[in-house]
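To keep things clear, I will list the structure first and then write my remarks on it.
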Amino acid sequence: MSINLTLLLVMGVLYAVGLYLLLERSLTRVLLGLMLLANATNILLLATGGYAGLAPIFNKDIPSSAYNDPLPQAFILTSIVISFAVTAFMLSLIYRSWLLSRADHIQVDQEDIRVAMQDLYDDEEDSEIAIEVSDFHENNQPLGKRETIPGIVPKRVIDAKAVATSKKDVHPESPVLKTPEVQSPTGEKE
Amino acid sequence: MNVASLAPLAVVLPFLGAAWAFVLIRHPRAQRRVSLGTLTVTLALEVWVLARVWQSGPIAVELGGWAPPFGIVMVADQFSSLLLVVSSAVSLAVLAYATGQGAADGEESGPVSVFHPTYLILVAGVSNAFLAGDLFNLYVGFEILLTASYVLMTLGGTGSRIRAGITYVVVSVVSSLLFLIAIAMIYGATGTVNLADLAIKLGELDPGTQHLLHVLLLVAFGIKAAVFPLSFWLPDSYPTAPAPVTAVFAGLLTKVGVYAIVRTETLLFPTDHFNSVLLVVALLTMLVGILGAIAQTDIKRMLSFTLVSHIGYMIFGVALSSVIGLAATIFYVIHHITIQTSLFMVTGLVERRGGNSSIMRLGGLAKLSPILAVLYFIPAMNLAGIPPFSGFLGKLGLLQAGVADGSPLAYAVVVGGVVASLLTLLVVARVWNRVFWRSAADAEDPDAVLLSTAPDASGKESMRALRSSKHVDATEGRFSGENEVPILPKMMVYSTMGLVVLGVAMTVFAGPLFDLSQDAATSMLERTAYIEAVLGLGAGNP
């Protein structure tokens, strides 16, 4: 069986370039990378069909070994259709992303960064309990001045009264939506 | 004519329903009826097929009149028909849930009208993947469900969904390309893509070639199933999607990957073992997943991480490659589809009721809405594996299989499984303590919705409570209606309830279900029934 070297070389180059583009942060380049990878895979499929032969239209005078293998070409056709649909969808996503954030980059997941930056412990389960020596004065004092057991530094102390007062500030009709504002480390560059 | 030969209708019916629903895109009520009706009929058909397959063994249907291994076949064996029934039941419940949500919020316009046709296409893709009798048809099934899932994931096109959607699409496309490369190489090596034919021919290949093909397939399916080193994409992309979409993705999509891994291990490469690698991967998936869940404060993200963690259990059972291990995996898969989906559905309800899905901003829901508390508590304990629930039975089966295997690595995974299970309990109990048990005033930063709504007097009352449109969360657009919308629409609560009941029913009927799983596992490990169903009698005994 003879091997079509050109086909294989083109496939290799397409894989290399596609993989390189896929690792970029720019969405358009990622899309181009995916398209190249898909085409490289199509060539791989074509290569599995063996050497070139006659079109597989049945004729009883032609021996069966002279035909080309039609199955890989059917695979390629399916794969082309699928990658076409996905490419169109990706383009619309990229356009939408551009409309929303004016950036051709994959955006940072804010929630992920917030989770990464949060305290190591869960307040409720792990904090040292602040011992309230008196019921009258310490709740209005700043965190560092509160009386606690000597030697134990209070972590974030959850203060029942503070919560109760802050609750009054929240009018039932006006929700205070405090979303954690985390600056993205890379988003500021543009 | 055998009833089971109607199995391909499980793919065709949702497609027809999708087309019909698409025609009715301007008529939301008719659209809802069409899609619900389609799925109900499909479910009934699949139950029938399961009953027949359980009695008479695997059945292959030749499509287009071409005899295998040349034509396309669809094969319904015990495993695939069982998964078909469970997946259809779950997708029906989620569809009812989504319908309830859509009807409550008013969906006359906007991208929501695309939801029904896309959802039905997703179901068709899942069914196609389960029934596929050749590798390329499996690929097509994956592509159908993935393309539908891209649309569902980015529904509405908000910033966070686009961000998560792009990652999801890129990762899925890469995994599909890997799968396609594997198919090309397998075809190059054997000259066939028919699974039954491959089962015979792959074994005749050089061991080195077998290794390469096996690893390629495992990596491609591992990304889809979210197995540890390849699971990074899941907790990032699932939580941002709309509640019903996350629910159905969590239940079904990763399980299709697990299904493909099971098929690869049992049918295609029964002799070429990567068992120790799979055991290590299973252990890491369990532990890394659950440790990720502990760090989360958002319930949806936390549940996504537990989803990754519990995939590890399924891989564990596959890696043991014993009848009991495989049977426990099958049982665990159907248990987990139901439970994980119902937990995500309840989270969607919690988000409606409390206005938020962060455990820092919720509290007192047990008092405000007892029905939600019950609906959360049962599947949560089930997921954590508290006796007597099906989660416990499934885990017990897996642990027994691990002990029966007896190798040090298997013991390590058994210990890891127990630890992951305890940590799951910790995670779900923390959500219970914070969201349901403590009073709303104790929340770090209580959501305004929580404080402004009165407790539901009874289950019925909770469904009639109204929420003013002033509470619309503009960034997510959850409550798009101009007028007041029901805070807990009946249909959403009932569909969640239905799925929770199904989860409990799996506990009650665990005996017959485990027998069925064992039947399926035995016949999958023997392989002859499957191969003979496709290629004819005598083909399975070389």
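Backbone N, Cα and C define each Cβ position, glycine as well.
TrEMBL does not curate its annotations; it predicts them automatically.
As given in TrEMBL:
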DOMAIN    B:132-419  domain 'NADH:quinone oxidoreductase/Mrp antiporter transmembrane'
TRANSMEM  B:6-25  transmembrane segment
TRANSMEM  B:79-100  transmembrane segment
TRANSMEM  B:112-132  transmembrane segment
TRANSMEM  B:138-156  transmembrane segment
TRANSMEM  B:168-189  transmembrane segment
TRANSMEM  B:212-234  transmembrane segment
TRANSMEM  B:241-262  transmembrane segment
TRANSMEM  B:274-295  transmembrane segment
TRANSMEM  B:302-324  transmembrane segment
TRANSMEM  B:371-389  transmembrane segment
TRANSMEM  B:409-429  transmembrane segment
TRANSMEM  B:492-514  transmembrane segment
Tell me if the transmembrane segment (B:79-100) touches the transmembrane segment (B:302-324). I count contact as 3 or more CB pairs below 8 A, with pairs 6 or more residues apart. no
How about long-range neighbours of the transmembrane segment (B:168-189): same chain, 6 or more residues beyond its ends, C-beta under 8 Å? 135-136, 139, 142-143, 146, 149-150, 153, 198, 202, 205, 209, 212-213, 216-217, 219-221, 223-224, 233, 236-237
Contact call for the transmembrane segment (B:274-295) and the transmembrane segment (B:138-156): at least 3 Cβ pairs under 8 Å, seq gap 6+: no
Sequence-remote contacts (6 or more beyond its ends) of the transmembrane segment (B:241-262), Cβ cut-off under 8 Å? 79-80, 83, 87, 90-91, 94-95, 97-98, 101, 119, 122, 126, 129-130, 138, 141-142, 145, 149, 152-153, 155-156, 161, 164, 217-218, 221-227, 234, 300, 303-304, 307, 311, 314-315, 318, 326, 329-330, 333, 336-338, 340-342, 344-345, 347-348, 351, 524
Grab the same-chain neighbours of the transmembrane segment (B:212-234) for me: Cβ-Cβ under 8 Å, and only residues 6 or more beyond its ends, written as numbers and ranges. 142, 167-168, 171-172, 174-176, 178-179, 181-182, 185-186, 189, 202, 205, 253-258, 260-261, 264, 268-269, 272, 274, 281-282, 284-285, 288-289, 304, 307-308, 311-312, 314-315
